[in-house]
Amino acid sequence: MTNLDIKFKLANTVATLLLVGSQGFSFSGWFLGHSYEFGPKDFIIILTGVLHFLLIGFTIYQYLPSAPKDVFESIGFWYLLVAVINSAVSFLWFFHLSIFAFVGLLWQLATLVFIYHRLRDYPPRNGTDHAFVNAPFSIYTAYSFFIVLWQIFQFNDQTKHNDLVLTCIIIIIGFVALHLVDYSHRKDWVYALTTGWILLGAAVFLSDVPHTTSLIVVGILISAVARTLIPNWLDRFNRRFSSWANRLGERTPLLGH
């Protein structure tokens, strides 16, 4: 496969550096004042760490000859735009310009959805493509969708901790994740697992109806992911077993001489 144009490589490299740096800046206060108790934000920190690892892998992968050039070209400069918006949002939150930051979040989500939609036309060829090209944007889109939906209700004290509002958020993001893994041709189990991880964090630290709803939705998503992955695993096992059995059958007559 021909090499990717240098301008896309540089754009993606700058985007990753900018994204990791700006999100590190956002979480710096948490790290400096973090207690030893495990809190809700720890779930997001772990998820962000996984996302950063995969995005760094995405950046390195583009320099390899085996990288899917057409996929990286379809992403183009949109990933860089996401990183620039994310950096702007981080600084706007830091200076307590909440409305402008929220507008930035909406713009970021729209850009991520655009990239996610484009990747629909480029299914992964192998596990490396899936891990370092498709998976990062599934995780980032799921996370951004949750953040935007949650942030909508944080501007009003009456809705900020309202059980009905929290339950609706849980159901909406769970429904979207279930659709993408169970009913969409993409069978996006990474998006579903990301949503399940976020809701697991919610279930641990919420109470009453939102707590129960989170656990139910997490269970449904895990079941959907299992229905997607287990048949594929069994199919691979059967193919390998059949190949092994065929090779053994070809050698068996020789053993009788």
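Positions of Cβ are set from backbone N, Cα and C atoms, glycine also.
Note that TrEMBL annotation is computational and uncurated.
Under the heading transmembrane segment, TrEMBL lists 12-31 (among others).
The transmembrane segment annotation in TrEMBL covers 43-64 (among others).
Annotation source TrEMBL lists transmembrane segment at 76-93 (among others). For the transmembrane segment (76-93), the residues of the chain that approach it from at least six positions outside its boundaries are 8, 11-12, 14-16, 18-19, 21-23, 25-26, 100-101, 104-105, 107-108, 111-112, 114-115, 118, 140, judged by C-beta separation under 8 angstroms.
According to TrEMBL, the transmembrane segment annotation covers 99-119 (among others). Note on the transmembrane segment (99-119): residues 71, 74-75, 78-79, 81-82, 85-86, 88-89, 92-93, 133-134, 137-138, 140-141, 144-145, 147-148, 151-152, 155 of its chain, located 6 or more positions outside it, place their CB under 8 angstroms from a CB of the stretch.
Beyond the transmembrane segment (131-152), the same-chain residues lying 6 or more positions past its ends with a Cβ under 8 Å from any Cβ of the stretch are 44, 47-48, 50-51, 54-55, 57-58, 60-61, 68, 71-72, 82, 102, 105-106, 108-109, 112-113, 115-116, 119, 122-124, 169, 172-173, 176-177, 188, 190-191, 194-195, 198. Feature annotation from TrEMBL assigns transmembrane segment to 131-152 (among others).
Counting same-chain residues at least six beyond the ends of the transmembrane segment (164-181), those with a Cβ under 8 angstroms from any Cβ of the stretch are 142, 145-146, 149-150, 153, 187-189, 191-192, 194-196, 198-199, 202, 206, 209-210, 213-214, 217, 220-221, 224-225, 228. The feature transmembrane segment is assigned by TrEMBL to 164-181 (among others).
Annotation comment: TrEMBL describes 188-206 (among others) as transmembrane segment.
Within the chain, the transmembrane segment (212-230) has long-range Cβ neighbours (under 8 A, six or more residues past its boundaries) at 167, 170-171, 174, 177-178, 181-182, 187, 189, 192-193, 195-196, 199-200, 202-203, 206. If you look up TrEMBL, you'll see 212-230 (among others) marked as transmembrane segment.
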#### Entry: Contact set, same chain, for the transmembrane segment (188-206): CB under 8 Å, 6 or more residues outside the stretch
39-40, 42-44, 46-47, 130, 134-135, 138-139, 141-143, 146, 166, 170, 173-174, 176-178, 180-181, 214-215, 217-218, 221-222, 224-225, 228-229
